[in-house]
Amino acid sequence: MAMAFCPKDQYWDSSRKSCVSCALTCSQRSQRTCTDFCKFINCRKEQGRYYDHLLGACVSCDSTCTQHPQQCAHFCEKRPRSQANLQPELGRPQAGEVEVRSDNSGRHQGSEHGPGLRLSSDQLTLYCTLGVCLCAIFCCFLVALASFLRRRGEPLPSQPAGPRGSQANSPHAHRPVTEACDEVTASPQPVETCSFCFPERSSPTQESAPRSLGIHGFAGTAAPQPCMRATVGGLGVLRASTGDARPAT
């Protein structure tokens, strides 16, 4: 006969080839089967204890009376109120001590972190000030650069604009050099006449002529003109080359 599945409170006996109750073997010291069941049976026999299947151990009901399971209901209900209230009262000072400790730790932490917060605010103020200074320096640099570029684009005041305009507007500005030379050569020549020259008595006289431009275009210079000498009745007469000489009287 094959081995059959037995319930939790029984085990399979190979000699009998049947399921046998574990209660018969729990009293034996050398029992190897039904260990969990035997622990459960023995825990139920003890008052104020219950068997926890998750832990696989016997747990006292005193530690779970506030949140006790159903197995400990009869024990926690019969428990004296003085003992039931004693544990919460003992626990309250501990909670108070924990609160005091937490408050003290919070104060200590606050005292420790207080200067850190102040230091961070000072650092923030310092960084803001430095940022404003850097912005001001950058703006000044941009203004200086703009003024430099503006001055660079303006013409240099080496030559005044007035003479340029007057030279450009003058009628002789665009005339070629040949025309100017023609004007110089075409200007009226000074006239010199010699009349009644008496070489044996006095030097010939020179009439005043208007000051005009010479050969080279300088004022006050007179171009010399050759005179032709003629004898009229024993008198020497000089004639100008221009043909404006007057005969002697």
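Any Cβ shown, glycine's included, is placed from N, Cα and C.
Of the cysteines Cys58, Cys72, only one is given by Swiss-Prot as the disulfide partner of Cys61: Cys72. The record in Swiss-Prot lists a disulphide bond between Cys26 and one of Cys19, Cys34, Cys38, namely Cys38. Recorded disulfide link (Swiss-Prot): Cys58 to Cys43, out of the candidates Cys43, Cys76. The cysteine that Swiss-Prot pairs with Cys19 in a disulfide, picked from Cys6, Cys22, is Cys6. If you check the disulfide-bonded residues Cys22, Cys34, Cys38, Cys43 against Cys72 (disulfide bond), none has a Cα inside 10 Å of its Cα. A straight line from the CA of Cys43 (disulfide bond) to the CA of Cys19 (disulfide bond) spans 23 Å. Across the topological domain 'Cytoplasmic' (150-249), the prediction's mean pLDDT works out to 52.
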